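Noted in TrEMBL for the protein shown:
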- A:96: active site, schiff-base intermediate with DXP (ACT_SITE)
- A:157, A:184, A:185, A:206, A:207: 1-deoxy-D-xylulose 5-phosphate binding site (BINDING)
- A:4-249: domain 'Thiazole synthase ThiG' (DOMAIN)
């Protein structure tokens, strides 16, 4: 069980709603994943108010909590406007704050991110910032009012997994009481399992499921990997050794 | 039997043609002034490429889509270009081409030399490509006009600028109004698609070229005399109105990735329309009250309308009016 802004969540998977072959397949994948939170882009689908309404109603019909996002925003102003629109459309003050610096890597613009997080938090939003593993940026986001951080695994859509395990490990150790959700870049369930073994609270993904040959099956695979990884974390894995250590002693046996 | 068909887009005209070919009297009621810009069919790519669709669409789309080529060949033979389609990817998206190949059938991987032989202008830009030899394409606007002529020659009546209330309805009604039919089909939604037509004399392409792209399928279809149709975005939005700047940049960028000479192309036309789609993005042929609806053709108007027309005609010609091949509860197609 994790707590995000006071809301108790038992699934450690947050799922995106873009790029599926059809809304029906998206709904099947959401169900198979057991997720309790889906994220939906306002800007990408409907620039004008109401334009994406049909799709948004389908997302609401999934019966899970909706975390609107500001995907595609490049400036503080755009992100703040989109967040406000999302609050109207979905009736939630949760917002996944995405501010993109560069189109080739889709890496977060951390400077603008902190500024937008400050403005939105002051207006009562519960901000989920898509950030890097930079500790000083994370510190500033917390000071800006964020109570959850979402460091990237790898650039959006790449499927590369956890690109900087050292940095992520340091972040986990440094912010041991802040919910940390790995957001973006995961490609395979093993990446999600690793994130769990490292002690991250949840993962958010989209492309890895939506663009799988069978999204529903892949959603199920991620759910199982997350469960396995979290169980492993709770079970305190053994630490690796440099030398072989036989599980059965050979001393005293008649071995020649 | 006399059948009234609402809508002169590709769904309505194919259904009308199928019925007329079976000896049924039809009349077509179209709110627009002529075949054309009122319908999203006008902005289609006109590719008869069922195998390529397997990349993102469900197997039933491929299966039903395989009927399309023979159907169009029968009614508008002069428009069909049967020389296959090509799929390429930018070097950095090479895995997209691999994915495309693994999810589709009836293709061959071309090396640079083989690609040069088919499409000289691509051969020095791409070291490999997928070739779907048995696919075809046509000018979709000419196809709509062709069907209209075929129908008129056989006595079908057209009422343009008209609604159902303006005519005396026939014994049966087929509703093929696309998104306008959401008054009867509340599950329908609009999925915005945007396209461009450019003129570029510096590029020669003989067949449609798709760019395997991580976000949306982009294709370039040669339309003759240096004209190319570049399409199409797929946005979960029901915004009306012209192409957005971002979509224009995306489409032109894709064309530029295929050949840099497209940067100098003249933009002849832009278009944007809402495709009618059900939540599973699959079409439906079914009764709602007294009308047989043919709708939800999504990205696949020209590919799937022949199969839908055949089913609609089968249903109307049978005494049993139930749409036996649709399981509404599960939104599944049972095999017809």
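Cβ atoms are placed via backbone N, Cα and C, with glycine included.
Caution: TrEMBL annotation is automatic and unverified by curators.
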Considering only CB atoms and a limit under 8 Å, which binding-site residues from A:157, A:185, A:206 lie near chain B?
A:157
Extra residues within 8 Å (Cβ to Cβ centroid of A:157, A:184, A:185, A:206, A:207), 1-deoxy-D-xylulose 5-phosphate:
A:16, A:154, A:155, A:156, A:158, A:159, A:186, A:205, A:208
At the Cα level, what's the spacing in Å between residue A:206 (1-deoxy-D-xylulose 5-phosphate binding site) and the residue listed as 'active site, schiff-base intermediate with DXP', rounded?
14
Out of A:206, A:207, give me whichever of these binding-site residues has the highest number of other Cβ atoms within 10 Å.
A:206
Please name the residue among the binding-site residues A:157, A:185 whose C-beta has the most neighbouring C-beta atoms within 10 angstroms.
A:185
Restricting the comparison to the binding-site residues A:157, A:184, A:185, A:207, which residue's C-alpha is spatially nearest the C-alpha of the residue listed as 'active site, schiff-base intermediate with DXP'?
A:184
Near residue A:96 (active site, schiff-base intermediate with DXP), how many other Cβ atoms are within 10 Å of its Cβ?
26
